[in-house]
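Per Swiss-Prot, ATP binding site is recorded for Gly44, Pro45, Ser46, Gly47, Cys48, Gly49, Lys50, Ser51. Per Swiss-Prot, domain 'ABC transporter' is recorded for 12-254.
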Amino acid sequence: MNQFIPRGTSKISARGLNVHYGEKQALHDIDLDIPAGEVTALIGPSGCGKSTFLRCINRMNDMVDGAKVTGSLTLDGSDVYDRSLDVVQLRARVGMVFQKPNPFPKSIYDNVAYGPRIHGLARDQAELDEIVMNSLEKAGLLAEVESRLSESGTGLSGGQQQRLCIARAIAVAPEVILMDEPCSALDPIATAKVEELIDELRDNYTIVIVTHSMQQAARVSQRTAFFHLGKLIEVGGTEEIFTNPKEPLTQGYITGRFG
């Protein structure tokens, strides 16, 4: 269940984090703190390591052949890579929304109910109904689908599908939501709705978002971390990063000299 962590307190901490895929090193000695109750944007050119870092947080890299993670990564001070840790429970605490909307081939209702069912979060049907409705409401989708919950989630528009995936993620009461370029496949109107939703969700969740759009990072985040060639170049308040970066590489990326 979600637990209270004072806003701004470090929720996730990486120290000396390295990731190898076989012989290739994807992350080099990353030290990064993710504050609770804020949106942290990870930016940088393609292949810079931002998605690799994101996937370390809920151990999605475990599913990649040849992946090796060294160093320290903690969630509320507990080692994410402790061998005794239940990865299923970790992924309940740390939800994920992917680049392309991926609703299950189930009804809208069952898409959202799936997680609470497998984690035993509802004592009865009425409680499950409440979780589903509340999750759809938080995702800004309930008004659009309330009369057709039995219809397939795959029949929704792209933007609605992505908000359904967000509802599915928050239905298990995560503490952290990871978003890997959640708007890259959406049109501008759907993107605006998701961005508005992110702003609303940060009151209750710690959010880490990977984005190729610097404009999006500036709109939705309070902190921004800039990655380049697998290294963390600079991290700070979003306004400071975009208006007064300290590192020449950051300045070059922000101003479009490379990308």
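Glycine residues also receive a Cβ, built from the backbone N, Cα and C atoms like all the rest.
Remember, predicted model here, so these are calculated numbers, not experimental data.
Listed in sequence order, the residues Thr52, Phe227, His228 complete the 8 Å Cβ shell around the ATP site centroid, once Gly44, Pro45, Ser46, Gly47, Cys48, Gly49, Lys50, Ser51 themselves are left out. Look at the binding-site residues Pro45, Ser46 and count other Cβ atoms within 10 Å of each Cβ; Ser46 has the fewest. In sequence order, Lys50, Phe226, Phe227, His228, Ile233, Tyr253 are the residues of the chain that are 6 or more apart from Gly44 (ATP binding site) and have a CB within less than 8 Å of its CB.
Cys48 (ATP binding site) has a Cβ environment of 23 other Cβ atoms inside 10 Å. Here the binding-site residues are Gly47, Gly49, Lys50, Ser51; the one with the fewest Cβ atoms within 10 Å of its Cβ is Gly47.
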